[in-house]
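Novice: Have a look at this one.
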Amino acid sequence: MNPSATASSALPPASPPASSGAAELPCAPAVAGQHISLQHERGQQQVFCGLAGIVWLHRKIQDAFFLVVGSRTCAHLMQSAAGVMIFAEPRFGTAIIEDRDLAGLANAHAELDRVVTRLLERRPDIRMLFLVGSCPSEVIKLDLARAAERLSQTFAPAVRVVDYSGSGLETTFTQGEDACLAALVPLLPAATDSAPSLLVVGTLADVVEDQFRRQFAALGIGPVDFFPPRRSTALPAVGANTRFLLAQPYLRDTARALEGRGATHLPAPFPLGAEGTLAWLKAAADAWRVSDADFATATAAGVERAERALARYRPALAGKRVFLFPDSQLEPVLARFLSRELGMTLIEVGTPFLHRAHLAAELALLPAGTLITEGQDVDAQLDRCRASAPDLVVCGLGLANPLEAEGIATKWSIELVFSPIHGFDQAGDLAELFVRPLERRQRLTGL
Ligand code: SF4
């Protein structure tokens, strides 16, 4: 480890969620005397940029188009991360900034207007256009906010144009979604209803959204909206009576923007695994004053299904040692799931950023002594990883191939963001994602 790049501190036990809605964790252990170790690293990082978020955002908001204003590198990243859509009209693309734009020889705003006009004339199905900033657009200081405002005026009311940055200079991997949703918050209509409503924040697969809708209905919690919605024309209303649950741990700016609109965050663990899902639902149930008995009745079948599915994969994972590199910000949540529900041993849990408030309930559930590394010094972290001889490494694509070549089983973090993993009915699928690389490694060593 490079000591100059690392600062360590011991975290006091994280408190369970504050009692807005009296969210008492149904499965939380006593945390007295428990602590985790937190160290910070400031060195070279190996993470995707925020453009990657387009891959799952374009699938969710089905009448939106994401236009990256970037270079051929950005276009290649999008193409390789998202694959090629052969049968469908694509819903993302790249407006390439050419050399003459970079040299200031062309009027980039006029070029952008021309590209957008051609796109919208050809694609009348697009109702929302995101102009996504990149490293090159930032380097030439292309003012995409001004462009979005101008183009919105030109194409309103048929199309709304919104800008956000996915640049690798500003964002890592999942921060792209945060930037996108935060940019949408000012467009949410003001809620006029005096009754409380629930907003679930963070992109979820449609199948998971439908399951949660049924679960909230069974609990008598509602009305419930999901943000982002499936259609940009159905943006949920927000106001002082909105309570929101975060479905993803990387939505700092979005949460802050929603609070700025008067909404109240319901602190909770995140809905991964049986335990996380139960605690997440409980935070909403408490805010809606659902009795413990009704809560237990409405969730019993889901818990039972999840636990049955997890039992199938636990023998393959229990006792195995896992090292998580920082990539998606899901790492502390995955660590809690892997250690508590599958019996894995945590060697180190990296995360690009640690939002202490949003993750307080998760940190409280981590085993005593868990080492969390915020930030990265990739070479030092690789040295620690190799020295610890893990059974499984969770990391980005850039590290996975070299580690696999060294005989270490890896799981790509990006797959955990693309796949439906939330809720009771996906708990088994999530566990299986960690079993597969171990089985593959076993087959390879048997050759
Ligand atoms: S935004 Fe920056 S980091 Fe991301 S692909 Fe484009 S040039 Fe690379």
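Yeah, the Cβs are placed from backbone N, Cα and C, and that goes for glycine too.
The annotation region 'Disordered' is assigned in TrEMBL to 1-23. TrEMBL lists CYS49, CYS74, CYS135 with the feature [4Fe-4S] cluster binding site. Annotation source TrEMBL lists domain 'Nitrogenase/oxidoreductase component 1' at 49-436.
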Novice: Tell me, if you would, which residue among CYS49, CYS74, CYS135 (binding-site residues) has the fewest other CB atoms within 10 Å in the structure shown?
Specialist: CYS135
Novice: Roughly where does the domain 'Nitrogenase/oxidoreductase component 1' (49-436) sit in mean pLDDT, to the nearest integer?
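Specialist: Value for the domain 'Nitrogenase/oxidoreductase component 1' (49-436), mean pLDDT as a whole number: 93.
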Novice: Compute the centroid of the Cβ atoms of CYS49, CYS74, CYS135, then list the same-chain residues not in that set whose Cβ lies within 8 Å of it, in sequence order, for the [4Fe-4S] cluster site.
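Specialist: Apart from the listed residues, the neighbours are LEU51, VAL68, GLY70, SER71, THR73, LEU77, SER134, PRO136, GLY166, SER167, GLY168, LEU169.
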Novice: By the DSSP assignment reduced to helix, strand and coil, which category contains CYS74 ([4Fe-4S] cluster binding site)?
Specialist: helix
